[in-house]
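Here is what TrEMBL says about this protein:
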type	residues	note
ACT_SITE	147	active site, proton acceptor
BINDING	105, 155, 309	substrate binding site
BINDING	182, 184, 270	divalent metal cation binding site
DOMAIN	34-322	domain 'Histone deacetylase'
């Protein structure tokens with residue numbers, strides 16, 4: 001599979017990019033002193049709109065995930081706790097807060113469960129869109145909450161939308177590759193798939209005296225999942241050049257050995273220079289090059305959010321990476337938008353690296369690569385699934401026949417229940433702004449108008 005530093009294989013066509021967003025996501029508030037600010041997603045959305053990228057996207061509002069959908073991974077008792085918990089009843093939830101690790105880092109705030117539903121719903125919808133081959137790339141900046149465990153919160157994360165999305169992808173894809181470029185180790189996702197050979201997890205992260213403290217290079221999976229977990233432990237102040245010197249060769253080898261049918265990329269922006277919690281020295285160019293490189297393999301891909309605690313830089317990063325997904329160039333001048341004051345005083349898209357010492361020597365990075373390559377060379381086979389197992393998943397006739405007509409069904413069922421066109425006349429068949437697919441799709445009929453949500 002050919003690849004180059006400038007973007008890999010040649011474009012064969014414009015990529016179909018699906019984008020998931022709910023305007024309510026910016027209303028949730030962890031607290032005055034908390035570094036996690038969901039409003040950063042709204043800021044990114046406004047940049048995306050005002051750069052005119054809606055012309056290159058299909059924009060959807062996803063259904064909130066249900067308890068049943070989230071129970072595919074999470075403990076039902078834990079989800080019930082999240083649903084009941086409010087700031088007003090904390091005194092009655094003391095035992096549960098301790099049991100489920102809810103407290104200072106992962107506080108209870110108004111609308112907590114709805115926040116989890118939006119994040120998880122976006123990643124499930126993105127996975128379904130890829131499963132149905134209606135997009136080449138699906139984006140959910142509301143997702144990427146990689147620390148959440150099966151039965152407890154961790155690292156500002158309550159439900160693991162990534163695991164839920166990958167489980168959905170596995171219904172239609174034999175092998176899924178998960179890549180994490182957040183500054184923190186993707187421990188929740190790695191743990192969920194630690195014993196399987198159908199998901200390979202690859203995490204590039206700050207290692208040492210740093211949360212969550214996991215992600216040693218020698219942690220490679222267990223049982224049939226042995227060597228299907230790849231950890232790249234990095235030191236402080238890594239810059240664009242050093243990061244790409246290990247990211248590209250490792251990912252090239254991983255893709256050659258694992259042959260994924262789909263890729264999930266967690267784009268945590270706390271690996272950017274200047275993040276309050278991060279310790280790296282990357283700019284948008286270096287961070288975005290990871291997206292560009294993986295995009296070059298022409299494999300169905302899901303892009304997710306994650307960490308990032310400078311809201312203005314998070315917005316810059318995810319707008320820039322949305323543009324990379326679409327294959328368009330953005331001006332360095334920030335366009336007028338509702339959050340313009342956050343991008344001053346220069347009002348530029350790109351940020352500059354700091355003048356600090358990179359603690360990742362080339363010899364250290366070469367040693368990491370050598371050990372990772374040795375582990376990958378031990379993969380003597382590519383796991384396969386019988387084709388007939390996937391035929392059952394893809395048999396839409398079977399799903400429709402088995403559906404209970406008295407309940408609301410999953411989109412993959414309802415999309416096949418189509419009224420005959422002869423039952424409509426023109427006035428009924430105009431959708432206005434809304435086109436009904438598996439989600440509420442926002443269609444923009446007036447391309448020069450800016451929409452804010």
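Cβ coordinates come from backbone N, Cα and C, glycine included.
Please treat TrEMBL annotations as automatic predictions, because they have not gone through curation.
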Distance between residue 184 (divalent metal cation binding site) and residue 155 (substrate binding site) at the Cα atoms, whole Å?
9
If the divalent metal cation site is taken as the center of the Cβ atoms of 182, 184, 270, which further residues of that chain fall within 8 Å of it by their Cβ?
183, 205, 206, 268, 271, 277, 278, 306, 307, 308
Neighbourhood of residue 155 (substrate binding site) by C-beta distance under 8 A, where only residues 6 or more apart in the same chain count:
105, 106, 147, 148, 184, 211, 212
Neighbourhood of residue 182 (divalent metal cation binding site) by C-beta distance under 8 A, where only residues 6 or more apart in the same chain count:
144, 146, 203, 205, 266, 267, 268, 270, 271, 306, 307
What whole-number distance in angstrom separates the two most remote CA atoms of the substrate-binding residues 105, 155, 309?
14
For residue 309 (substrate binding site), write down the residues of its own chain that are at least 6 apart in sequence and whose Cβ falls under 8 Å from its Cβ; none is a fine answer.
35, 36, 37, 270, 275, 276, 277, 278
Let me know the most crowded of the binding-site residues, choosing from 105, 270 and counting other Cβ atoms within 10 Å.
270
